[in-house]
C-alpha cells in the first residue's frame, strides 16, 4: 500500500520559541501497506508461548504514527482489559466526527492529530470535504486502523474477507493499550508532513508510550541522521533515549538493492514476508467434462489441446485470486492479439474504451511489476463490461487482488498455456470458480517482492533491514466507510503491515522484560530470526529471478517471537553507544548536538563504525584483515558457557577470540573480537555468513555481510 507525496518546498515551521533548537525544511513521508499470529507460533491456545507468558502484553502502551483510527470497531473493544496505566499522560483529542469523551476506552487510551506542518507547507487550510477526510484522529483511508488492529487489536471471532481467511482476528498484543497519533492526510493521495511527524514523536514520548510503530517511509535518497530534514531518525533517537522501542517500515521499493529506508541503527527496521496461506482459484478451459492434470501427465501440448478443442474434456489450471461468493463465471475467453508490426497489448495498455472486452473474460500479460498501473488495467476491464481478467505475470511477484471482481493471477508459464488454447480454437471458453483458502504445505515463506532491500544507501556498514515479518495479504480491521472493501476487515500488503507485527511482539517482550532496553529487545529479535522455513526448507526472496534470501533481504531472518523471549545473550546499547556511532560517521560536534540536545565531544581519533555494538556485522569495503569488537550480556541462566561457530563462503576467513564465553554471577558481560580477512584479490559483490554463539540450548546468531575491495 503506497501513498504519493508531492515535492516539498521551504517553509518556516517555528521561530524564536522556547525549546526550539532548529528551524527546518518540511518533508513528506508515505504510509507503507489472520493467519499470521498462529504462523509465528503465538496461538492463543498455547499456555507456554510468549503471548501467554507476557499476559498478552498487559499494561504495555503501543503508540502508532499513522492515518488515524476508527475507534468504534469491535477489534478495539476493551473487554477484559486491565486499567489504564497510571503513568499515562496522553489525551483523547476531539475533532470532526470524533468525540474524545466517547471514542477512547481502556483499549484505545489516546488519540491526537497533527496537521500544522502540512498546512504550513500547503499554504492554505486543509479541506477535509474535498479530500474525504476528517479533521480529527478519525481514519478515512483505513491504513491506520489496519495497522493498529495488527499491533494490538482485541479478539474478534468469525472475521473474514467475504468468507476468505475465516477465523479469529486479533493483534499481536491483545492485552496492550493503543494510542493513535494521526500524522498522515489524504491530500494528493496521501502525505505525512515532516514537521507533524516530529511533533507526534515528541507528544508520544511525553504521553508515556512504551513502543512506537511507524509504518511510514520517505523516498530515496535518504538524509543523514543529523539532518533536520528527516524527522523519523531524529524523533526515534529521542524516543529510544527514553527507553521506547521504535519499529519502522523498511519501505516498498523492492526488489531493487539499496532501497531500504529508516536505516538509523537505533530503529528496528522491518521487511515484509509471506505466510503459508494461499487462495487457489480454478480456471477451467473448454465446456464439457473436467479433468485436473499437471503439465507432465499429458504428453505434449497438442494432445491436450486437441482434447479440449473437440469439447471432450476440460482442462483446469489453478490461479491465485480473492474471487468471493459461490457463483462461477463462464464466458468467452479473449486475448488482445495485434499485428506483429505493433507492440503487444500488455495488461497495462488495456483501456475502458476497449469495447471488445464486453461480456468476455480477458487474458493479458503484465509487462512489469507496477501495481498501480495493473490496478488501473483491471478496473478498465471492468469498466468496459468485461466479466473477469486473468493476469499472467512473473511467479515471483504476484499476490491475489482483494476486489469485488474476478481477477486471477497465473504465472507466465500457465498464461502461455492458456494462450495456446485460445489460439487453437475459434470459440475459446473459460469458467472461473470461487477462491478457497489453503493453509500450510506446499505454500512456503518468501521475502515479499515489494519489500525494500539492503544494503543501506547512506550507511552501508549498518545492516538493514533488521528482521522480516508477515506483510502480504494480512487480514485486519478497516473503517466501514472504506469503499474499496466490504465489511469491517480487509487484506492489505506492505511493509506497513509487517511493522505492526513486530511492534506487537515488542510489546509482548516489553511486558515480560520491562527493564530491557530497546537495543536488547532489538538484539533478541534479530539473533533469533528464522533463516529457514519451519518445515526445514530455505527461505527465498522474490525478485527477478527468485533467489535464496540473504541478510539484505531479511536481516536476521523471519521474526521468531518465542525464541526472542529467551535469546540467551543480547548485544545491548545505550545513548553513549549511539553517540559513538555518530562520531564514527564523522559528524561534527555541533551537528550531533542538534540531535542529542546535549554537548558532545568526539574523540580526536575517529572511532570505527565496525565497533558499534550491533547484533550483526557488515563490512562494505574489506581491503585488509580487519578486527572488530562486540560485547554480549547474558540474559539466560546465570552460569552459562557459550562456544562460537562460524559459517561463511569459501575465501572469507573469520576468527573469533575468545572462542568460548563463560558467564557467572560475577561475569554477566563479556567482550570478544572478530578478525575477518579475504583470500579474494578482486573487487566482488557481498559474501554472506554468520557468527553463532550457543550453549547447547540457546542459538545466538549474528548475520555477517562482507564485500572485498
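Any Cβ shown, glycine's included, is placed from N, Cα and C.
Curation does not apply to TrEMBL; its annotations are automatic.
What TrEMBL annotates here:
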ACT_SITE  66  active site, charge relay system
ACT_SITE  143  active site, charge relay system
ACT_SITE  496  active site, charge relay system
DOMAIN    57-529  domain 'Peptidase S8/S53'
DOMAIN    611-706  domain 'Subtilisin-like protease fibronectin type-III'
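Distance noted between the C-alpha atoms of residue 143 (active site, charge relay system) and residue 66 (active site, charge relay system) is 7 Å. Counting in whole angstrom, residue 496 (active site, charge relay system) lies 10 from residue 66 (active site, charge relay system) by their C-alpha atoms.
Over the domain 'Peptidase S8/S53' (57-529) the predicted model carries a mean pLDDT of 88.
Within 10 Å of the C-beta atom of residue 496 (active site, charge relay system) sit 34 other C-beta atoms, taking all shown protein chains into account.
If you draw a 10 Å sphere around the CB of residue 66 (active site, charge relay system), it holds 30 other CB atoms from the protein chains shown.
DSSP assignment over the domain 'Subtilisin-like protease fibronectin type-III' (611-706) gives 1 helix, 61 strand, 34 coil.
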